[in-house]
Amino acid sequence: MTNLIQKYNIPGPRYTSYPTVPFWDKEGIAQQDWERTVKKSFDESNDVEGISLYIHLPFCESLCTFCACHKKITKRHEVEQPYIETVLKEWDLYCDLLVERPKIREIHLGGGTPTFFSSENLRKLINGIFKRADKFETFDFSYEGHPNHTSEDQLQTLYDLGSRRNSFGIQDYDPIVQKAIHRVQSFEQVKRVNDLSRKIGYESISHDLIFGLPFQTEESIRNTIKNTIELKPDRIAYYSYAHVPWIKGVGQRGFDDNDLPKDSEKRHLYELGKQLFFDNGYVEIGMDHFALPSDSLHKAMESKKLHRNFMGYTAGKTELMIGLGMSSISDSWYAFAQNEKTIEDYTEKVNKGIIPIFRGHLLTEQDLIIRKHILNLMCNLETEWKIGLDNKIKNEIVERLSEIIDDGLIEVSDTKITVKDEGRMFVRNICMAFDLRLLENKPETRVFSMTI
Ligand SMILES: C[S@@+](CC[C@H](N)C(=O)[O-])C[C@H]1O[C@@H](n2cnc3c(N)ncnc32)[C@H](O)[C@@H]1O
Ligand code: SF4
């Protein structure tokens with residue numbers, strides 16, 4: 001296994017979209033094309049399955065030095081209100097475009113730290129959204145919280161607004177690791193928000209852990225997982241640390257490359273975690289998630305309804321996902337678009353009455369086909385050839401997969417390709433054989449984190 005890890009541990013995308021962001025059309029997407037595909041997608045799907053909203057709430061009080069998210073560090077809570085007002089103005093721009101009232105099936109508040117915002121401002125935000133929309137028959141509202149900055153009042157307010165699912169960033173419990181990543185957070189602080197969530201009635205609680213952080217050892221990971229299991233979250237995200245200092249140069253500091261576990265050590269930490277989760281009744285979902293069999297994510301996997309988007313794995317899929325807030329990415333299935341990345345540029349466009357995108361990609365027929373294959377592989381670990389590829393392209397993909405086939409990681413038949421259990425950890429490498437955009441434009445500089 002160690003040899004295979006060495007062989008396949010190369011820079012590669014995490015496939016939260018296809019094409020992946022660095023391969024979006026350099027020309028971007030015309031504003032009218034974006035608006036046209038949003039309308040098309042809305043008309044096709046609003047009555048049938050509803051739409052999803054992702055709302056990016058970027059503020060954090062303190063910088064964690066491993067963090068690759070789009071965030072803004074501040075302790076000035078005066079920023080909350082104007083930001084919420086801008087997000088609601090942006091929502092108005094979409095509602096004016098869509099004419100009919102949207103039916104919302106999913107809302108996710110991501111960050112940054114959504115629980116940076118006061119209960120009152122969170123209430124203003126969600127009530128503001130529903131001034132112009134209704135809930136779909138099934139409604140799933142989730143958010144990310146920082147254990148050090150989440151009060152009982154916030155948990156109760158979000159529950160009263162309809163949320164039944166939350167997730168907390170944990171990362172690691174070891175004091176040495178916590179110091180290096182500038183994120184000191186005790187077990188008691190996590191237990192407090194976990195117990196309060198249970199008491200209030202949340203149905204699904206998720207904990208984010210990361211392996212591959214500086215100074216992690218087998219022992220420290222065992223202890224982190226022991227603490228995690230004690231609180232029995234319904235889901236666990238066990239992320240591979242994405243070391244991307246060339247993108248997040250200013251943020252990823254406080255440790256250097258020598259402090260990070262080496263490739264095989266890092267993979268060992270993953271294997272160890274996985275085994276401990278299995279021993280405690282968790283099931284592996286797709287690439288880096290685990291869930292109790294009672295959780296909706298596991299049920300979605302069983303019924304092949306698992307979906308993957310910019311937030312990672314989700315239990316539901318809608319054709320249209322509108323991303324509100326600075327840096328948010330939206331998906332109309334036929335196109336992607338990303339909002340302006342700074343609050344200033346984002347606010348300026350919204351105030352001018354413009355949907356504040358700054359780049360995007362209109363998918364070609366071929367992109368749409370490859371997108372389906374990659375989603376199938378990432379979510380169901382198999383894909384069927386009957387999804388529209390011509391024979392030449394299919395044969396080239398099989399050719400590119402030949403080493404992976406020889407290494408016994410996948411099975412290829414006339415009808416489909418199936419990832420074997422041994423191949424699960426290499427699923428990003430398997431998807432890369434389908435990624436025509438990557439193959440056509442091999443990046444000259446480093447763009448992606450390592451696949452393993
Ligand atoms: C927006 S944060 C979660 C909410 C809150 N800000 C917090 O930290 O508790 C999203 C999650 O992304 C993950 N993450 C951030 N940077 C990462 C990186 N470089 N590699 C892997 N995972 C990362 C962390 O697990 C983090 O909990
Ligand atoms: S990990 Fe969470 S709290 Fe820390 S900087 Fe990133 S978004 Fe903010």
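Heads up, the Cβ atoms here are built off N, Cα and C, so glycines get one too.
As the structure is a computational prediction, the values presented were derived from the model and not from experiment.
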Using only what TrEMBL says about S-adenosyl-L-methionine 2 binding by F66, C67, A68, G112, T113, R183, D208, A242, identify which of Q171, Q189, Q216 is listed for that site too.
Q171
Among I285, I329, I343, which residue does TrEMBL annotate as binding S-adenosyl-L-methionine 1 together with Y54, G111, E144?
I329
Identify, in sequence order, the residues in the chain of C64 ([4Fe-4S] cluster binding site) that are 6 or more apart from it along the sequence and have a CB within less than 8 Å of its CB; answer 'none' if there are none.
Q171, I181, H182, R183
Of Y54, R183, I329, the binding-site residues listed, which put a C-beta under 6 Å from ligand 1? Please answer none if none do.
none
Write down the Cα-Cα distance for I329 (S-adenosyl-L-methionine 1 binding site) and A68 (S-adenosyl-L-methionine 2 binding site), rounded and given in Å.
15
Of C67, A68, G111, the binding-site residues listed, which put a C-beta under 6 Å from ligand 2? Please answer none if none do.
C67, G111
Please work out the number of neighbouring Cβ atoms within 10 Å of the Cβ of C60 ([4Fe-4S] cluster binding site), leaving out its own Cβ.
21
Between C67 ([4Fe-4S] cluster binding site) and A242 (S-adenosyl-L-methionine 2 binding site), how many Å separate their Cα atoms?
9
